[in-house]
Amino acid sequence: MDARQRLKEARRVVVKVGTSTLAHETGMLNLYRIDHLLRELADLMNEGREIILVSSGAIAAGLSKLGLAKKPDSIPEKQAVAAIGQGVLMHIYEKFFAEYGKTIGQVLLTKENAVRHHQYRHSRDALLALLAMGAVPVINENDAVAVDEIKIGDNDNLSAMVATLVDADALIILSDIEGLYTANPATHPEAELIHEIPEITPEVIEMAGGAGSSLGTGGMATKLQAAQVAMSAGVNMVIASGSEEGVLRRILQGEAVGTVFPARESHLRVRKSWLAFGKRLQGDLVVDAGCVKALEGGSSLLAAGIKELDGDFEAGSTVRVLAEDNREIARGIVNYKSEDLRKLIGHRTEEFEHLVAGAAYEEVIHRDNLVLMV
Ligand SMILES: Nc1ncnc2c1ncn2[C@@H]1O[C@H](COP(=O)(O)OP(=O)(O)O)[C@@H](O)[C@H]1O
Ligand SMILES: N[C@@H](CCC(=O)OP(=O)(O)O)C(=O)O
């Protein structure tokens, strides 16, 4: 079944709405648009779909509440603006959704909520409980406390994480543009809209530029990162314009709107999706072409196929597996710490004992602990 057809049948849908859609160019919230968007979401729920809303806009709402023209420079001030704006945003969502008879529940996440397995389970359980109560989880990054290494940094990646977390059928990213163009139309007026991206290749990544306004974060680059995660996790993703009324309905009726990124396979099992998208990556293993083929065929990763190793990690860490052209092939949990693995790479399993005392594993990464990203 093609992706557009599967979107028609999507029951659990994550909708991400960017600042560029929620705010006017003046920085003030676009109440007309928010109202219409929420009415459409409420109606999709009446149709029997579950909706999870990932909403940006806290910083924009905070800035307009405080009468500030631009984001402050210091991190604590940015955090404070986000804290103020998040309340403003939720007040509006509560009001409009209530008018359409819907209940909402605010969930503020950081990377930690997905990195640690028990927190991952708790976040997932809370979101599923909200859905079971017929409520709309309204999610944002916890900007008031998330700094540096616990920060996801942009809501495109956050929405893909959420879609994976709840095993969504579809992720729709609403922005101020109709979809992915061959280049950023702001600087390349001749650029054309692409209707479907079956695979995120280096050429596709090259098309994507940064944010279109001072309000947006990440632009198309972070939306493609989100697509990579969503596609690998079995979630169909669409980028479309949030200013077009009825756009969600049209997408979920299977119309060719925006850019679609078809899901690669059926949902990964929970443990595997946690492994691929929730864990902190601690190193890279570059493997040869034969090894790439073997991994794609479902084999475990053996030391003989590894050409290079980057990073310092312990056994049990999650690492990326890269092809020689730097394409990410897989992620997995290593059986050896980097110090030992450096001695083993390029060698056959029979030689292990002479190289590292007590080397107990045949595989560097067992196939059960490996998720393909291609
Ligand atoms: N290849 C591209 N196709 C479409 N838009 C692009 C492309 N490269 C960069 N962009 C920019 O990405 C912007 C959307 O991202 P962003 O500003 O972060 O908005 P949002 O708040 O919706 O996340 C567009 O307005 C556009 O200027
Ligand atoms: N968490 C931030 C938004 C971060 C973000 O990714 O913004 P956007 O590119 O507008 O989706 C906020 O609420 O202001």
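Note: Cβ is positioned from N, Cα and C throughout, glycine not excepted.
All annotation found in TrEMBL is predicted automatically rather than curated by experts.
Per TrEMBL, ATP is bound by Ser175, Asp176, Thr217, Gly218, Gly219, Met220, Ala221, Thr222, Lys223; the candidate from Lys8, Lys16 named for the same site is Lys16. Among Asn155, Asn157, only Asn155 appears in TrEMBL as part of the substrate site alongside Ser56, Asp143. It is 12 Å from the Cα atom of Met220 (ATP binding site) to that of Asn155 (substrate binding site). Contact annotation for binding-site residues (Lys16, Asp176, Met220, Thr222) versus ligand 2: none, no CB falling under 6 Å from a ligand atom. Checked against ligand 1, the binding-site residues Lys16, Asp143, Asn155, Asp176, Thr222 give Asp176 in sequence order as having a Cβ less than 6 Å away from one of its atoms.
Residue counts for the domain 'PUA' (283-366) under DSSP, helix first, then strand, then coil, are 25 helix, 23 strand, 36 coil.
Other than the site residues Lys16, Ser175, Asp176, Thr217, Gly218, Gly219, Met220, Ala221, Thr222, Lys223, same-chain residues with C-beta atoms no more than 8 angstroms from the centre of those residues' C-beta atoms, the ATP site, are Gly18, Asp154, Asp156, Ile173, Ala211, Gly216.
Summary of the substrate site environment: with the site residues Ser56, Asp143, Asn155 set aside, the chain residues having Cβ atoms within 8 Å of the Cβ mean position are Thr19, Ser55, Gly57, Ala58, Ile59, Ala82, Asn140, Glu141, Asp154, Leu158, Thr217.
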